[in-house]
Amino acid sequence: MCGENQTFLTELVLLGFRDMHQGKLIVLLMCLLIYLIILAGNILIIGLIVTSPRLHSPMYFFLCNLSSCEVIFTANIMPNMIYILWRGGGTISWSGCITQFYIYSASGSTECLVLTLMAFDRYLAICNPLRYTSIMNSQTCAHLVVWAWLSGFLGMWIIIITLCNLHFCGSGIVVDHFFCDLEPILHLSSSDTSLVEMETLVYAMLMGILPFGLIILSYLAIFCTIIRIPSEIGRQKAFSTCGSHLASVCIYFGTILILYLVPSQKRSVEINKILSLFYTILTPLFNPIIYSLRNQEMQACFATLIYVFFPK
């Protein structure tokens, strides 16, 4: 509990990148540009998939949900991060901090599950094409996506409720990070945090290690099937597509596992910030490129859209 001369925590000060003086304006403009590219790219993907009948298939349905996760995830972190970078620090209310952490974790968890569904979809399409249509019908896809969103957003409530039952004292406490992540929050508590740490570990295993393992198994089966493709051009195309997908997944999950499963005492605060940047900026930036812009069907639909608005 808070002592007699202490108050309950109401506001936090996020330091962001306090040691960045040279090149601050360039970094600020780059972050703003990346944010706009992520939003524009993912909203464009969602718009193309919704409005183009030729993209109404399970693969693009899952991709649409992935882009929705990216929009929520990025919009939750980057505007405040850009503001903190511009001001050299900033404040956030305690309720705002908990809300940011919840949306960040829930949308990230949902994205992990959607990536797993996408890998499973590719596994069925390549390894079991004869049964693909009957298994991945519209009803099944809808149920899988609803399960992913509910698991991500409802599952986090267990951690949030436990976190809110901890005691936090003081006002204007400084946090050396650019957003409200779990570790900086727990460092502020005057209570025993072992329960929430255990819940986080179990949650990370269910939403991180298990999906990552299933994705790796799916792609191993896919690669084994691709090897047996008689056409060399077909093999190269399949390897190129699946390889880029797997690279994106490995970067995404690898960063998560390092951040939340490796003891933080082995890393400096700056390393944590860099890893968080990979997770919050680079992966959402690369995903639209890897999953969409290299896709010929998406390119064709985009060209059609351009022609509709700008006919020759």
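Glycine too: its Cβ is placed from the backbone N, Cα and C atoms.
Pulled from TrEMBL, these are the features on record:
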DOMAIN    41-291  domain 'G-protein coupled receptors family 1 profile'
TRANSMEM  25-50  transmembrane segment
TRANSMEM  62-86  transmembrane segment
TRANSMEM  101-120  transmembrane segment
TRANSMEM  141-168  transmembrane segment
TRANSMEM  201-226  transmembrane segment
TRANSMEM  238-262  transmembrane segment
TRANSMEM  274-293  transmembrane segment
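Long-range contacts of the transmembrane segment (238-262) within the same chain: residues 108, 111-112, 115, 118-119, 122, 126, 182, 200-201, 204, 208-209, 211-212, 215, 219, 222-223, 226, 229, 272, 275-276, 278-279, 282-283, 286-287, 290-291, 294, each at least 6 residues beyond the stretch ends and with a Cβ under 8 Å from a Cβ of the stretch. Using a Cβ-Cβ cut-off under 8 Å and counting only residues 6 or more beyond its ends in the same chain, the transmembrane segment (201-226) has close neighbours at 109, 112-113, 115-116, 119-120, 122-123, 126-127, 151-152, 155-156, 158-159, 235, 238-239, 242, 245-246, 249, 253, 256-257, 260-261. Across all of the domain 'G-protein coupled receptors family 1 profile' (41-291), the predicted model scores a mean pLDDT of 86. Non-local neighbours of the transmembrane segment (101-120) in the same chain are 59, 62-63, 65-66, 69-70, 72-73, 76-77, 144-145, 147-149, 151-153, 155-156, 159-160, 163, 179-182, 185, 203, 207-208, 211-212, 214-215, 218-219, 245, 249, 252-253, 256, 279; each lies 6+ residues outside the stretch with a CB under 8 Å from one of its CB atoms. Contact between the transmembrane segment (141-168) and the transmembrane segment (274-293) is not supported, since fewer than 3 Cβ pairs fall under 8 Å when only residues 6 or more apart in sequence are counted.
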